[in-house]
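According to TrEMBL, the protein has these features:
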{"type": "ACT_SITE", "residues": "A:Lys206", "note": "active site, proton donor"}
{"type": "BINDING", "residues": "A:Leu11, A:Gly12, A:Cys13, A:Gly14, A:Val15, A:Val16, A:Gly17, A:Ser18", "note": "NADP(+) binding site"}
{"type": "BINDING", "residues": "A:Lys106", "note": "NADPH binding site"}
{"type": "BINDING", "residues": "A:Glu191", "note": "L-homoserine binding site"}
{"type": "DOMAIN", "residues": "A:352-428", "note": "domain 'ACT'"}
Number of protein chains: 2
Amino acid sequence: MRTRPLKVALLGCGVVGSEVARIMTTHADDLAARIGAPVELAGVAVRRPSKVREGIDPALVTTDATALVKRGDIDVVVEVIGGIEPARSLITTAFEHGASVVSANKALLAQDGAALHAAADDHDADLYYEAAVAGAIPLIRPLRESLAGDKVNRVLGIVNGTTNFILDKMDSTGAGYQEALDEATALGFAEADPTADVEGFDAAAKAAILAGIAFHTRVRLDDVYREGMIEVTAADFASAKAMGCTIKLLAICERAADGGSVTARVHPAMIPLTHPLASVRGAYNAVFVESDAAGQLMFYGPGAGGAPTASAVLGDLVAVCRNKLSGATGPGDSAYTQLPVSPMGEVVTRYHISLDVADKPGVLAQVATVFAEHGVSIDTVRQQGRQDGGGDASLVVVTHRASDASLTGTVEALRNLDTVRGVASIMRVEGE
Amino acid sequence: MRTRPLKVALLGCGVVGSEVARIMTTHADDLAARIGAPVELAGVAVRRPSKVREGIDPALVTTDATALVKRGDIDVVVEVIGGIEPARSLITTAFEHGASVVSANKALLAQDGAALHAAADDHDADLYYEAAVAGAIPLIRPLRESLAGDKVNRVLGIVNGTTNFILDKMDSTGAGYQEALDEATALGFAEADPTADVEGFDAAAKAAILAGIAFHTRVRLDDVYREGMIEVTAADFASAKAMGCTIKLLAICERAADGGSVTARVHPAMIPLTHPLASVRGAYNAVFVESDAAGQLMFYGPGAGGAPTASAVLGDLVAVCRNKLSGATGPGDSAYTQLPVSPMGEVVTRYHISLDVADKPGVLAQVATVFAEHGVSIDTVRQQGRQDGGGDASLVVVTHRASDASLTGTVEALRNLDTVRGVASIMRVEGE
């Protein structure tokens with residue numbers, strides 16, 4: 001074994017960074033044996049240097065992250081700051097100074113993955129980021145390496161633990177969104193500002209990364225259709241139950257049937273209770289991958305948290321260190337298919353639509369005509385008079401598969417019908 | 001991209017080999033783009049050269065596998081013959097002649113993994129075998145690479161599709177073993193001679209491979225405790241149901257609580273219906289991995305079959321070809337912990353024991369005394385008079401966790417009690 005240690009600079013020492021530092025210390029011998037050389041924590045860049053960090057030599061702590069990555073003797077930079085800047089500049093500077101990079105930064109990778117990969121290539125450096133998607137669950141490496149000889153057609157999963165916790169709570173207790181969110185916040189599963197999670201930005205970043213890797217093309221955050229889950233109601237869960245479903249916030253990346261384009265989207269959807277994703281509880285994540293030869297694979301585990309995310313970071317750290325020693329780089333960016341990303345309108349899916357309609361003859365015929373005019377075939381209709389006897393009825397329509405554009409057009413036209421008092425809810429149906 | 005192709009020799013052209021050849025042809029452009037050079041099928045060694053093989057140039061077919069691997073221009077040998085010889089000699093010869101090897105051979109890897117890895121190291125070659133365990137499910141790579149910075153404590157899974165199909169059938173239809181086996185055979189899920197599957201040899205080989213990689217030590221097939229599933233009865237399933245369980249053939253690899261040794265075992269076990277492994281249906285495989293930092297991960301997918309296994313083989317082929325181009329080798333054998341494998345007696349588990357006893361006062365006290373004398377604590381006892389009024393009763397005991405040796409000793413002593421007419425069944429309880 002080489003005795004001169006590989007030097008690691010840690011950028012950020014919060015929930016994930018402190019776990020990375022802790023494991024690097026407690027498991028130093030194991031890491032050395034697995035890498036073939038010892039690894040040494042050579043510096044830790046933080047914002048608040050006065051904070052006491054157990055197990056970290058204060059002499060290693062600095063507020064000057066830029067100087068740390070410019071030192072020239074750093075082999076690997078571990079970036080767990082998050083956000084776009086200064087993370088992006090620090091990573092680029094790290095490459096320029098001979099370091100490889102392990103990052104957990106989904107937002108940055110989704111926005112600037114292409115440029116960062118190009119910078120890594122320019123300097124014969126590695127850029128690894130298993131921890132950016134679904135925490136501890138190995139997903140980037142299986143997609144990029146294990147399935148490198150296969151053709152992936154679909155990635156479908158729960159990739160945000162906060163929203164899954166909230167939806168699971170709404171499902172199991174009948175709570176409304178706000179009540180479930182409050183509990184998630186109290187238990188530490190939601191941040192003080194939950195926008196990135198509940199509006200689907202976090203899941204969309206992960207969808208962009210997964211789609212790019214799965215289909216060997218370029219998918220940016222802006223390419224991902226995104227609907228959050230703040231409008232999901234207890235009534236939606238009741239509707240879902242009535243058709244043997246539950247509701248999950250899904251990230252879905254698909255290759256078009258003709259193979260010529262891909263789509264990526266994040267939205268709440270009804271899925272059958274019999275689907276394995278339906279039983280993913282609490283803050284867990286799970287991702288289905290469908291490919292030509294392998295068929296259906298599922299990956300399940302903790303999607304966030306300090307230790308699980310650190311596990312993914314350290315797996316990458318070992319790989320990058322091994323590459324450093326052998327003088328090679330790992331499988332990097334692969335976007336050779338250059339498949340375009342189609343807009344949401346071209347996605348083929350199913351709708352569950354709940355309408356408030358006038359309770360009089362001919363309404364169903366009118367509604368059915370609108371669907372037919374938009375080329376949308378109806379699977380089932382459930383009609384019932386309302387309990388309040390107000391002359392209104394409720395009409396629940398579940399469609400067959402159609403383009404999202406046709407479905408949107410149908411709903412627009414329904415809203416314009418005199419006999420339709422309102423569209424109570426619209427939700428896509430997936431996983432069948 | 002390099003234009004000179006990498007040359008691949010395929011040993012074996014059965015269910016898996018023919019799929020490998022097919023995908024190498026149909027996905028040639030994708031493979032070239034992902035590797036950075038074209039790959040060419042340079043020869044196919046078979047036993048019956050007269051058999052027509054669609055899509056394979058007859059000029060490539062040979063019966064002389066040894067000559068093929070000795071050609072000297074072969075970059076990668078793909079071994080999908082199976083069995084110990086001639087596979088072992090061919091792989092060794094391949095290394096000696098400058099080739100790396102991708103294998104799907106669980107029996108060989110479980111028996112001679114150490115020697116084969118040493119041979120690969122001697123020649124700076126790669127030995128990859130993702131397809132040897134759980135078909136298409138990425139498992140070797142996640143354990144070896146994704147979790148390289150973590151400490152795995154337990155691997156628990158269903159790694160044999162044939163036996164899972166049979167047990168699932170027995171569970172869902174109430175069928176006996178023979179009836180379920182016959183159906184599995186008719187549907188092609190069981191081989192004409194199902195011994196390797198139903199006696200647990202196949203699962204034991206996979207357990208040996210998984211344990212070695214997970215714990216960075218050496219575990220051979222002979223180290224794995226093995227019980228098949230041919231003695232599982234419909235009555236066992238009824239007992240399992242009574243306690244909210246089902247029965248699965250499990251491969252379980254564990255690090256001892258003190259960290260100083262490991263165990264590996266394959267046997268039928270009751271697991272709670274709420275455990276995710278309980279809902280693994282048909283010929284699917286699923287494996288739980290528990291580690292210090294990542295927590296619980298699960299990997300699920302098709303565990304056998306031509307195309308799924310070929311997917312795993314081709315993922316390895318891409319990785320090995322990339323390594324060839326970069327002049328590096330991938331993460332190879334890692335057995336530095338040298339943790340010894342403890343015998344089954346030291347495994348800590350729970351028992352479900354069904355006894356036929358005399359229906360008279362004092363029997364329960366006698367039985368309970370035997371458990372106490374062996375240091376085995378009882379969790380629950382269920383006693384019931386038999387329907388046939390023959391003076392016998394049935395006593396079902398579920399124990400707390402104890403060493404397997406204590407449990408075995410307890411059962412031996414119970415058999416010697418006058419009041420115990422017989423031990424109807426013994427089964428371990430896992431997954432709680």
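Yeah, the Cβs are placed from backbone N, Cα and C, and that goes for glycine too.
Annotated features taken from TrEMBL, shown on the structure.
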| residue | record | DSSP class |
| --- | --- | --- |
| A:Leu11 | NADP(+) binding site | strand |
| A:Val16 | NADP(+) binding site | helix |
| A:Lys106 | NADPH binding site | helix |
| A:Lys206 | active site, proton donor | helix |
Task: NADP(+) site, defined by A:Leu11, A:Gly12, A:Cys13, A:Gly14, A:Val15, A:Val16, A:Gly17, A:Ser18: further same-chain residues with Cβ within 8 Å of the Cβ centre - done: A:Leu10, A:Glu19, A:Val20, A:Ala21, A:Val80, A:Ile81
Task: Integer mean pLDDT for the domain 'ACT' (A:352-428) - done: 91
Task: Cα proximity to A:Val15 (NADP(+) binding site), best match among recorded positions A:Lys106, A:Glu191, A:Lys206 - done: A:Glu191
TODO: Inside 10 Å of the Cβ of the residue listed as 'NADPH binding site', count up the other Cβ atoms and send me the figure.
DONE: 27
- [ ] Quick one: pull the CA-CA distance for A:Gly12 (NADP(+) binding site) versus A:Glu191 (L-homoserine binding site), whole Å only.
- [x] 18
Task: Rounded Cα separation (Å) that holds between A:Lys206 (active site, proton donor) and A:Gly17 (NADP(+) binding site) - done: 20
Task: Composition by DSSP (helix, strand, coil) of residues within the domain 'ACT' (A:352-428) - done: 23 helix, 34 strand, 20 coil
Task: Length of the line joining the Cα atoms of A:Val16 (NADP(+) binding site) and the residue listed as 'NADPH binding site', in Å - done: 14
Task: binding-site residues: A:Leu11, A:Cys13, A:Val15, A:Val16 - member with fewest neighbouring CB atoms within 10 Å - done: A:Val15
- [ ] State the count of C-beta atoms found within 10 angstroms of the C-beta of A:Gly17 (NADP(+) binding site), not counting that atom itself.
- [x] 26
Task: For A:Glu191 (L-homoserine binding site), the number of other Cβ atoms found within 10 Å of its own Cβ - done: 12
TODO: Quick one: of A:Gly12, A:Gly14, A:Lys206, which of the recorded positions has the smallest count of other CB atoms within 10 A?
DONE: A:Gly14
